[in-house]
Amino acid sequence: MTASSSDSKAAGEIRVTSFEKDLLRNQSSNVDVDVGNVENKETLTYDKPWYRVPHFLKLNILLLMPALAGSINGFDAFLVNSLQIMENWKEYMGNPTGGTLGALTAGPPIGYLAALWIAKVVSDKHGRKPAMVIGAIITTIGTIIQTFSNGYACFLVSRIIVGFGSAFYYVAAPAWLAELAFPEHRSVMVILFNSSAYVGGLVATWVSYGTMGLSSTWQWRAPCLSQLVFTIPHLMFIWFLPESPRFLVSKGMIEKARNILLRYHGGDDSEKAGTFIDFELREIELGIEKDREGDKTSFKAFFQTKGNFHRFMICMFMGFLQYNVGLFAVTYYLNPLLTAAGMSSDRQQMLVAGGITIFNVFAAYFSSLVVGRFGRRKLFLWNLVGLFISYFAFVVLSGINTETSFQNPALAKGILAVIFFTYLFYDIGFLGMLLVYITEITPFALRSGGVMIYMLSANCWVIFNSFVTPVAMDSIGWRFYIVYACTIVFCFIFIYFFFPETKGYYLEEVALIFDGEAEGKPANLEQIRSYAEVVDA
């Protein structure tokens, strides 16, 4: 069996290849573990889909809790968009526009950046579960303050507090998913985390729609309060999740980590799954040992080798990609566009916004189904092509619509259709895939650092765009959209030249793509496959 057999693995089957075992032996000289027994049984096979395997079903249901943590961020983003439609809220907050409105949008990212390093320390030192609990408590406090705000300043502070709490979610949840999920399910679980942002948006939008008929301040207070539907369940049910096996190993609790892996990955069947679980555990021990060698987990490690700097640039670029392909402009343009299309009432505009959110939910979760069928690089590039075509149409039609003073309802409806296509390409190509790709290209010791770099970059761009987009739109109008059209072209060029394909390769093979030349091993994809086959032989 060669490494290339990973392309044909059956559902529910994990194969420990000779390529992986060779790497484990070569790299474990400083780790007191025995890998010889791995030869005895190198497959773990279930002849039925995962949802008919009790321990997989239980694990994946439990993992929905951290997977849905991304809904907090989505709720915050869609909440302000919904509140802008409410005259009651605008009057109560002093009709915020331009910079004051941008500050409300930038509030959560500001809080997030302030808490990012603290959240990482808590997650690494005390565990993923305590970090999630702290995040839920802080976010709940921020939500209550936001609900009962007595003015703009209080509302802004509450938004920052919510962002502070969400940092703990974003640092702990993806790591928890990657470290606890069964290997074949990891990429889907990470995609679900990012895609769940639209679940939060769905709640924010439709609760806002439901309260449009209220005349009191509860028209906007109720949508704010509805964020508790995500934080309260976390506080109630998160205790049922096991801690990350990797965290337990890092604290010396080897047997406890093995019991968790055996229960949730092997169904407590030592005879069938024991060898595979032992391999998983040894792989974790090796990773921990490598983490402790020298200073390989600090940020400066990204600048010590050519391969690591390549990873650093990709992680930084991912944050740029997420928020600079036109979605900010599309969101900003939506309300005047709906008015031009003859949907001028608050309720009509909220209804359309809710429809867009439902569409986004289905598109985002559809991406979890196609991620395994197409290459990562191919998915990025083709969706950028589709995004450019739809966004180019959006720019042209927006310019015509603006020059005619929004007097053409048919044209406005055409632009609305283009917006749906813009969201479609973004949701399928990028929303869930960004974190998946980052976790695949970064080695174990740098994985959390890579995610942090991406999140720092993304939130800095959120803050930048939150202030720049309203001001630019007020100054030059629809012409500002041309900037985003250019960034889409730039993103295509960057990905074409700097993003290697990772589909169908084990993480060790992906590491060779970046570090092969430095280690005297092949860096070409075909050479890597040949190398794996030689090791097998």
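Cβ coordinates are placed from backbone N, Cα and C, and glycine is handled just like the others.
Marked as domain 'Major facilitator superfamily (MFS) profile' by TrEMBL: 62-503.
Look at TrEMBL and you will find 61-80 (among others) tagged as transmembrane segment.
For 100-119 (among others), the entry in TrEMBL reads transmembrane segment.
Positions annotated as transmembrane segment by TrEMBL: 131-149 (among others).
Positions annotated as transmembrane segment by TrEMBL: 155-177 (among others).
According to TrEMBL, the feature transmembrane segment maps to 189-208 (among others). Using a Cβ-Cβ cut-off under 8 Å and counting only residues 6 or more beyond its ends in the same chain, the transmembrane segment (189-208) has close neighbours at 60, 63-64, 66-79, 81-83, 85-86, 173-174, 177-178, 181, 220, 222-223, 226-227, 229-230, 350, 353-354, 357-358, 360-361, 364-365, 367-368, 371, 427, 431-436, 439.
Same-chain neighbours of the transmembrane segment (220-241): 62-63, 65-66, 68-69, 71-72, 75-76, 79, 82-83, 86, 88-89, 92, 129, 132-133, 135-137, 139-140, 143-144, 146-148, 162, 176, 180, 200, 203-204, 207-208, 211, 214, counting only residues six or more beyond its ends whose CB sits under 8 Å from a CB of the stretch. Residues or ranges marked as transmembrane segment in TrEMBL: 220-241 (among others).
Among the features that TrEMBL reports, transmembrane segment is placed at 312-334 (among others).
The feature transmembrane segment is assigned by TrEMBL to 350-372 (among others).
Long-range contacts of the transmembrane segment (379-400) within the same chain, counting only residues at least 6 positions beyond its ends with a Cβ under 8 Å from a Cβ of the stretch, are 325-326, 330, 333, 370-371, 408, 411, 414-415, 418-419, 421-422, 424-426, 428-430, 433, 478-479, 481-482, 484-485, 488-489, 491-492, 495-496, 499. The transmembrane segment annotation in TrEMBL covers 379-400 (among others).
The transmembrane segment annotation in TrEMBL covers 415-439 (among others).
TrEMBL lists 451-472 (among others) with the feature transmembrane segment. Beyond the ends of the transmembrane segment (451-472), by six or more residues, the same chain brings 97-99, 101-103, 105-106, 109-110, 112-113, 116, 120, 170-171, 174-175, 299, 302, 312, 315-320, 322-324, 328-329, 332, 434-435, 438-439, 442, 480, 483 to within a C-beta distance below 8 angstroms of the stretch.
Long-range contacts of the transmembrane segment (478-499) within its own chain (CB-CB distance under 8 A, at least 6 residues past either end) are made by residues 310, 313-314, 317, 320-321, 324-326, 328-329, 333, 376-377, 380-381, 384-385, 387-388, 391-392, 394-395, 398-399, 401-402, 437, 469, 472. According to TrEMBL, the feature transmembrane segment maps to 478-499 (among others).
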Tertiary contacts of the transmembrane segment (350-372), as residues 6+ beyond its ends and Cβ separation under 8 Å = 78, 81-82, 85, 187-188, 191-192, 194-195, 197-199, 201-202, 205-206, 208-209, 212, 334, 338, 343, 379, 416, 419-420, 423-424, 427-429, 431-433, 436, 503
Request  = Mind checking which residues of the chain, 6+ beyond the ends of the transmembrane segment (155-177), have their Cβ under 8 Å from one of its Cβ atoms?
outcome  = 63, 66-67, 69-70, 72-73, 76, 93, 103-104, 107-116, 118-120, 122-123, 128-129, 131-132, 134-143, 145-146, 149, 186, 189-190, 193, 227, 241, 244, 435, 439, 447-448, 451-452, 455
Request  = Residue list, the transmembrane segment (415-439) vs rest of chain: Cβ under 8 Å, 6 or more residues beyond ends.
outcome  = 174, 178, 186-187, 190-195, 197-198, 314-315, 318, 321-322, 325-327, 330, 334, 337-338, 341, 352, 356, 359-360, 363-364, 366-368, 370-371, 376, 379-380, 382-384, 386-387, 390-391, 393-394, 397-398, 401, 447, 450-451, 454, 499, 502
